[in-house]
């Protein structure tokens, strides 16, 4: 389990350093993952859901205000989930918006077609 946490932290650190967002650029995966960093323990170790995690989910929803940004956020979430691998609790990931009382227009799942997100 420690190996999964190290991998998850390394992936998040790399994505956070990925670079700033420019005015017309899509939301970066660093931004997406940075907002959800507080959710790692909840999603991988079954820790209790924290307000910090839910604040990140809310921030992410508010930042993804355009269709291209929502599609990019979807792709970033899928990439991060693949990087974490089998240590990710997919049911908790799918239920994260609901648990945080945040409505997002797509399901957090590896099977989500991000191109159809509006």
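In case you wondered, yes, glycine gets a Cβ from its N, Cα and C as well.
Quick look at what Swiss-Prot lists:
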- 29-76: disulfide bond (DISULFID)
- 39-53: disulfide bond (DISULFID)
- 54-100: disulfide bond (DISULFID)
- 74-114: disulfide bond (DISULFID)
- 1-25: signal peptide (SIGNAL)
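Taking the features listed in Swiss-Prot, we show where each one sits on the structure.
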residue	record	contacts (Cβ under 8 Å, 6+ apart)
39	disulfide bond	50, 53, 56, 57, 96
54	disulfide bond	99, 100, 101, 102
74	disulfide bond	106, 112, 114, 117
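DSSP assigns residue 39 (disulfide bond) to a helix in the three-state reduction.
Taking each of the disulfide-bonded residues 76, 100 in turn and counting other Cβ atoms within 10 Å of its Cβ gives the largest count for 76. For residue 53 (disulfide bond), other Cβ atoms within 10 Å of its Cβ number 23. Considering other CB atoms within 10 Å as the measure, the emptiest surroundings among the disulfide-bonded residues 29, 114 are those of 114.
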